[in-house]
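These notes are about the structure you will find just below.
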């Protein structure tokens, strides 16, 4: 049996044979985007198991008052029905003689080649090419080449299909369908609740003169091309698509509806004149500029390692709306409907470091999203009875506040929908926001921006000061009834991760006050005193006599069971085949890293023995049922000098999206946080990079399978390039100034390029 997935080189993923069971796997992993919009890589012909998806950042809408807002699924612009002698080209009929679809993560182009034999015995050679432009954020271009071994009557039907929904929820009005100059199709509509105008426009061309006519149906506008294809005379069909919305910054400055109607037509006309190759070259050049700004390379015969890194970096840039500080990154990017396009703590802990070290301006825009949504966070806190800013567990548009759904999957015991409590109890996100912001400031040394974010940090600290509860019996502040990063434990008290992040937030606020605030009002003085009081008396769990840091007040007393069957399962969440969430809550089992994530982020607070003992305790109890888990454990293993194990864990991250172990894991979209985690494993883990308040530290731990790792990072506006070999490190810099840093614990003053043996 031919393998479905093949990995030709470090930049390319190939669907080597067609199997409609796995169609959504490739729609997600081969998704194409530019940060403004992203499209699932749906095939041109329609299949029952396909899930078309085209999403534009910031375009949220609420279907009904009983549902939360979600990122809306735009009309399908890729559907292209090809018929030869009235027989529809479909790979589930006829015969496939050869098949290959390759996604190039370096330039963003997808190419599919098919040789198909019809029931009538006619062979067609088909080539489908497509890209989302990184050069012009509004543009998508598609090309279809058809070669026939004999002549026949050919029909091509393509256009704009707005019958697409978010799993049944229709977010667009019927809209207006227009056919301009018998060349250009346009659908002009708006969202049902947010009333945001949208224009989808396309121009379609052929290299032969075929009859063409418009076909308009409900929520659909197509063109049908009809004519004769001659043997050995290829037909080339091209489609130039332009997407504009009322959320676009350009529209914000004009506020005129005509702009969304006229501008796309002008753009499509221009792009038709330029042609596929010229537009593709411009997009490829923009991708190359991204790679050249922060080059990173692994030299190894292990192609999968290099492909994994490139896959992760590609998807980070394809899904991150870094051009607009009103937007943020969804848990699935924009590669599917999973998590409704909502933003989580994933951004600050897993994705923001990538931008902070490599693209600081982009990092700043992601942080400004939190600044711009501060008012909504303060309203969220007020609604829950707290002061300050409580950032939502799930965030959408700036003013939406908390958008976590109330219910999830069916409980196997009760048969009722399982309540989703994360929006009510997973409060550590407010600490995560401050941690991510502070990490960016440390890396960028941007004191002006630090001053700008002070009010946000202050407001977050106020939240924690009202979230804590005084414990008379133990003479301390507790944080009760929360969910930590381990979501298999609900309604816990004093989750260590949450408490440490709360204190971190309060301490940062106090420090920023001392640095930037010259005077305080009477009310602010009261808050400062409260912060100092809570900081001193907040309970921080500490390692016990066995050096184990309690995850919460009760975790260490819960039931211990044999977890081997769940560790061995190929799919996640298999423990719920035997237990419901209430029962899992009573077992010493974790969904993902919790205490270990805390100790990784604050490793300088713990001894090597404490780090080791907690690994030995919690690692066997963690099922990695979250894509956020494996990357954390990889870098934690490196803290313990377990390089061989860390490398094995790193390779397992390949299976989360890219691999073939579970062909359905990515159906709802790829796992955004894992993309950031993969980069962290390579650079912060094996590359040994850390920037703390003491400065730069580089302590690499290269796997024996890698000959060399090269990466670049920015610190305080200065760029440094690192080449790590098995026995030496080479450091390069472009700036004239001296840069102090630590290499394997020894202080080095980088005056010029230097080679250091270790």
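Each Cβ is built from the backbone N, Cα and C atoms, and glycine gets one as well.
Residues or ranges marked as active site, proton donor by TrEMBL: 487. Residues or ranges marked as substrate binding site by TrEMBL: 345, 346, 591, 592. Look at TrEMBL and you will find 15-247 tagged as domain 'Glycoside hydrolase family 65 N-terminal'. Annotation source TrEMBL lists domain 'Glycoside hydrolase family 65 central catalytic' at 311-680. Summarising the annotation, TrEMBL assigns domain 'Glycoside hydrolase family 65 C-terminal' to 695-750.
Highest Cβ count within 10 Å among the recorded positions 346, 487: 346. Counting only same-chain residues six or more apart in sequence, the Cβ atoms lying under 8 angstroms from the Cβ of residue 591 (substrate binding site) belong to 486, 487, 488, 622, 623, 625, 626, 629.
Within the set 345, 346, 591, 592 that the record links to substrate, no two Cα atoms are more than 16 Å apart, and one pair reaches that distance.
The 10 Å shell around the Cβ of residue 345 (substrate binding site) contains 25 further Cβ atoms across the protein chains shown.
Secondary structure of the domain 'Glycoside hydrolase family 65 C-terminal' (695-750), assigned with DSSP and counted as helix (H, G, I), strand (E, B) and coil, comes to 0 helix, 36 strand, 20 coil. Other residues of the same chain near the substrate site, with their Cβ within 8 Å of the Cβ centroid of 345, 346, 591, 592, are 344, 485, 487, 626, 628, 629, 673. Model confidence over the domain 'Glycoside hydrolase family 65 central catalytic' (311-680) is summarised by a mean pLDDT of 96. Annotation note: the residue listed as 'active site, proton donor' sits in a coil segment as assigned by DSSP. Non-local neighbourhood of residue 592 (substrate binding site): 485, 486, 487, 622, 624, 625, 626, 628, 629, 632, each in the same chain, at least six residues away, with C-beta under 8 Å from its C-beta.
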